[in-house]
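Engineer: One structure, pasted below without further comment.
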């Protein structure tokens, strides 16, 4: 028991004064480490500043180099727009001119075919003549009498220009041309020889003439067809 008590007292001895005197050395070492860390931090800051300046110069150079590329892209864009405009011009303008020409021709014919004060309202006028646009169908002889009752004559054709006008506004009609037989010439109701070509059919009894969109044709006089009348001013 006494031996154990001695050991216990030895373990509870106060600290060695020499060990306490060694603490300032530890503080000096800490100060040195702190100075080294500060120096290292300053070096890192200088390096970071240099890297930032270098990156700024590099980005500035990139901006300077991208300017010509932007210029080239702009020029290419303008060229594309010019090419597109040229294509549109080549395609659109000819069709527009053609349409204007057709409209001009139609307007000219329409102006010539306006209602005239000398003609009834249901009639149209063209080149000093009034035209009745019929809707009912009659034989050639009946059509001739119907036009006479309207103080006019069955549709007649005086020249090529008039025939073009009539084929533009009419689908078909009897005209004042007939013949006695297939062995006789075509004549008008005034007894004048008809100068325009009439396309013959295979039927010998087709001795009356009709106006169609595709030209003049012979037809059977007894068949019912649409007729139109003409009155010269």
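Cβ from N, Cα, C; glycine included.
This is the feature table in Swiss-Prot:
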DISULFID  119-130  disulfide bond
DISULFID  147-229  disulfide bond
DISULFID  208-221  disulfide bond
DOMAIN    118-231  domain 'C-type lectin'
REGION    1-28  region 'Disordered'
TOPO_DOM  1-70  topological domain 'Cytoplasmic'
TOPO_DOM  94-233  topological domain 'Extracellular'
Engineer: Nearest to residue 130 (disulfide bond) by Cα, among 208, 221, 229 (disulfide-bonded residues)?
Structural biologist: 229
Engineer: Let me check the 10 A CB neighbour count of residue 221 (disulfide bond). How many other CB atoms are there?
Structural biologist: 17
Engineer: Take every residue in the topological domain 'Extracellular' (94-233), average their pLDDT values, and give the whole-number result.
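Structural biologist: A mean pLDDT of 86 is what the predicted model shows over the topological domain 'Extracellular' (94-233).
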Engineer: Ten-angstrom check, please: count other Cβ atoms within 10 Å of the Cβ of residue 119 (disulfide bond), all chains counted.
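Structural biologist: For residue 119 (disulfide bond), the count of other Cβ atoms within 10 Å is 17.
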Engineer: Can you tell me the three-state DSSP label for residue 229 (disulfide bond)?
Structural biologist: strand
Engineer: Could you state the CA-to-CA distance between residue 229 (disulfide bond) and residue 119 (disulfide bond) to the nearest Å?
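Structural biologist: Distance between the two Cα atoms comes out at 12 Å.
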